[in-house]
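*Asks:* Pasting a structure below so you can have a look.
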Amino acid sequence: MSLETTRPANPDDDPHRIDNHLWGYLRPQGTNENILRIDLWRISATAKFGRDPSRNTLILPGPHISAVHAEISWNGRNGENSVIMLKDVSRGGTWASVSGKRVGKNKSRILNDGDEIGFGAPVAVTDNAGLYDYRYKFHDVSKKNTRNRLDTLYDYGKILGQGTGGTVCVATEKKDRNKVIAVKTIKYLANNMDVFAEITVMEQVDHPHVTKILAADHAESRPEIYLVLEYMRGGDLMTYMLREYDERTLWPIGPVDRGLPENICREIMYQLCHAMAFLHALGIMHRDLKPENILLRDDRSMDATPFIKVADFGLACLAPVMKNVCGTVPYAAPEVLDPAEPGYNYLADSFSAGILLFSMLLLADAWHSPRKVESLWPGLRWESLTTQLLCPAGFDLLDHLVNPDPRERLSLAGVLEHSWMKAHQPMHHELEFPPVEA
């Protein structure tokens, strides 16, 4: 996990934040506001910091950082019996405490709550706009004598969804029955620590159209993580689409192949592209965009414009170029499914968004026949899309999204600047979006 590309909200300012899953965290003190807070999970008692991705838990790029630079370890105990140590294994030095003293190569010292740590330098590193200014303040969570497990805070209700990625159920807060949330249980491989890095990032992302992780916890004796999420009363976009197909509330009379009206599709795409462009700017890909992973905030009638939130980042990734074959086949980009391809980037999400738009316009599969890994391009149903369903500018946009060549594909930030979207007036005027650069 690289720590140089994210600009999350500050979770320390959230009075309702639950840090059950942590034994400590490092809050950035440097000059670069894009440096991420580092969470130290209870499930892993040692965190290694350094430049080498294959040998460290957290990657710190930069000229002042050694291949393996430092280790922070916890003895696994709570309260007064908890001991947390910082070990310097660097060539350039690791500084600790407010006095800025160097720990010393292969030497260790006890970390106390509030200690300041400098990886590579004890003072501000202003080169490259502070990109490598790795100064942090350590916060000790393990000294808390009590640990409020999620099941002591919430009463669990019905299951909302279940799949290979985990189970989601509704829950209510015991102290306030009016507060309803969703709890997702995720099973992970015991030797895969990447999931913790990804959750740490998503906990700190704050965007109106991205589902918010309110808290996290983990099981004591089995590889399971519990995420407390916003409860989305409106279900998912697939349910919304199927309901319109059955009832034809939004477009009662029209072409036989009609789907969602173009203005509704444009509003959904506006919200989706704004959220994804924001995440892409933070270095986060989704990799599994599809109607089931787009949730609706409100349980309203079909004549209301959906307010969506992108969900289920189980396949989300921070790396700039990935090689894993993943995603849902009908929506996945060709370069994601083809093992012969050298890799893929955030433009894979553009392709998925294009297939999603295609499906919304038709309320049907965008492909002529079921898509398979061994048959990546069975042909898109362009002949079913008419100018009654989509204007010429929309055709141009869609063509640039579903281009099989990612080099010719439009980014989701670019969608917001396209003529089909440029004159769009958002239907939810109460929101202020974070800035997005095309």
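Placed from the backbone N, Cα and C atoms, the Cβ positions cover glycine too.
No curator has checked TrEMBL annotations; they are predicted automatically.
Reproduced below are the annotations present in TrEMBL:
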type	residues	note
BINDING	Lys184	ATP binding site
DOMAIN	47-97	domain 'FHA'
DOMAIN	154-421	domain 'Protein kinase'
*Asks:* Averaging the per-residue pLDDT over the domain 'FHA' (47-97), what integer do you get?
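*Replies:* Reported value for the domain 'FHA' (47-97) is a mean pLDDT of 86.
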*Asks:* Near Lys184 (ATP binding site), which residues of its chain come within a Cβ-Cβ distance under 8 Å, counting only those 6 or more away in sequence?
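*Replies:* Listed in sequence order: Gly166, Thr167, Val168, Tyr226, Leu227, Leu229.
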*Asks:* Helix, strand, coil: count each for the residues of the domain 'FHA' (47-97), based on DSSP.
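*Replies:* When I sort the residues of the domain 'FHA' (47-97) into the three classes, I find 3 helix, 19 strand, 29 coil.
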